[in-house]
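Chemist: A single structure is presented below for examination.
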Amino acid sequence: MERFQKLILLPLILTTLLPGLGFCYSIINGPTNATVLAGSEARFNCTVSVGWVILIWLSNGNPVLTVLSSQGAVETSDRFTSQNYTSSNGFTSELIIHNTQLSDSGKIECSTQQPSESRFAFLSVQVNGSLFIKNSTLTIKENETVEIVCEALGWAPAPDITWMTNDSFIDKSRYVTQQSQGSNGLHNALSILTLTPMDTEILTCLADIEALPNPQNATVTVIFLNSTIENYYSEDSRSTWVIVLAVVLSLVGIILLIIIIAVVVRCCCLKKKGSTYQNEIRKVSAEKKKNGDSENRQRHGSENQGYIPEERWNTEQSPRITSLPPMSSKFTVPTADLHTSSVPKVRPQRRTDYLINPKKIRNVTLV
């Protein structure tokens, strides 16, 4: 702050002292007007004659840079810098304003603190906004009138809007442009073009301001359809839909077929797996039963399938024995027959005839 105060007081002191000391120098060439886009640089030159002592740059009446012959440039802000050039004719100071803003627009002054020795120019900072047409393609039927809207937003100053068709400018009577004030000192514009096309056209909306090297543009293609072309497009569209539908149905059928095959294979695998599991269970059950029977045989003995109890056999065979006549209580034996016979007794043979359908009897013999 003290530095800035000294910078302002110094020109006032020099203004009082220099005329009395007899210094006399003048501005040879002053700055010229400049128009730039916001965010860019602005440059101004001021040339003074030999013998100069001080040169001050002011923006809208506020000192922004001071140059002393003995010390050079005294810069107080990064946005305001200078470059100096010395020649045999005098000294040139170039003021550079970085990152220009809309508020920088106004009077730029170069002063040597001499009476009537100041030159000035004007700086115009402009803002390049946006430009667009809502529809990039329009389809128009025969004898149909259409309105095409071009909108420009956030410009400073308001842009000049024109229209072109197929590289030729359209008469201004065919479109209407309205301008409105936006926010932050910016401007908006709306241009409406009315036409009845007879053929396919390419329309271009142009927005221009002084700082732009080339106008900004937005383009729309208007496709003109007569009855023949419309029918063609209708038939073509119908054919396209048929083809698309056929392809979609084919894909759906293939997908369904794959799903069905997958389900069938899955069911077969599960069934096979279940059958194998049941067989294994049966095998295990049979083995357990077999092992259990073997253990029972080892514990209780084996069963003799061909054994028949004698008592039962005699009971069954007894009906077949022919009844004998009653024996007398007295009988005589010849004496000759009383001798002991050496002939061995012959055991009566066991009858081997059996019943036609004998009953099968199972008995268990413990071994």
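Note that Cβ sites are derived from N, Cα and C of the backbone, with glycine treated the same way.
For reference, TrEMBL lists these features for the protein:
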type	residues	note
DOMAIN	11-114	domain 'Ig-like'
DOMAIN	115-221	domain 'Ig-like'
TRANSMEM	241-265	transmembrane segment
COMPBIAS	286-302	compositional bias 'Basic and acidic residues'
REGION	286-326	region 'Disordered'
COMPBIAS	315-326	compositional bias 'Polar residues'
Chemist: Treating G and I as helix alongside H, and B as strand alongside E, what does DSSP give for the domain 'Ig-like' (115-221) in helix, strand and coil?
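Modeler: So the counts come to 3 helix, 69 strand, 35 coil.
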Chemist: Kindly report the helix/strand/coil residue split of the domain 'Ig-like' (11-114) according to DSSP, in that order.
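Modeler: Secondary-structure breakdown of the domain 'Ig-like' (11-114): 14 helix, 57 strand, 33 coil.
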Chemist: Where does the mean pLDDT land for the domain 'Ig-like' (115-221)?
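Modeler: Mean pLDDT for the domain 'Ig-like' (115-221): 92.
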